[in-house]
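Q: Sharing a structure here in structure tokens format.
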Amino acid sequence: MLQFLNRCSRGRGAWLLMALTAFLLELTALYFQHIMLLQPCVMCIYERVALFGILGASLLGAIAPRSPLRYLAIAVWIYSAWKGVQLAWAHTMLQLNPSPFNTCDFFVNFPSWLPLDKWLPAVFAASGDCSERQWQFMSLEMPQWLVGIFAAYLVIAVLVLISQFVKPKRRDLFGR
């Protein structure tokens, strides 16, 4: 399995597939926001940024999958997936244990050199409450689904990282 993951990480197909999944999840978030009119909260926006980090990592890996740039893509992938798990878990705890003393921020806090909420308010502006339960599918809230999604991204990323230390088998037609 590790040799298979090593081979996949050296080709563009797996990186582009990951980019497609992250992009479709972003489109789903925008559908919930603009079509279903669910108001994203601050934690939702941060989770969206973590997903954009995974999308960026996959595009970085697809640019040059056989070069050392692949290692930077794996590092960004792991970091973004880990932050996504942390954010989604904290968001889940806010929803499962609502308290007036335990709330999320009222406004997103992006760095002054990267004010995403000012540049793209349709994507990064927060207007909802983190503890409000707005959507449910198969008895799980949206942050609970995101815990599973980010955890899957993280497990696969760690396996791909481990596979980088496994030498791929040479595929020789005559078995030499």
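Each residue, glycine too, has its Cβ placed from N, Cα and C.
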Q: Compare the membrane side that Swiss-Prot records for Glu47 with the one it records for Thr103, and say whether they match.
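A: Yes - Swiss-Prot names the same topological domain for Glu47 as for Thr103.
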Q: On the 0 to 100 pLDDT scale, where does the topological domain 'Cytoplasmic' (66-71) sit on average?
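A: Residues in the topological domain 'Cytoplasmic' (66-71) carry a mean pLDDT of 85 in this prediction.
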Q: Please determine which of the disulfide-bonded residues listed here (Cys41, Cys44, Cys104) has the lowest count of neighbouring CB atoms within 10 Å.
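A: It is Cys104 that, of the disulfide-bonded residues Cys41, Cys44, Cys104, has the fewest other Cβ atoms within 10 Å.
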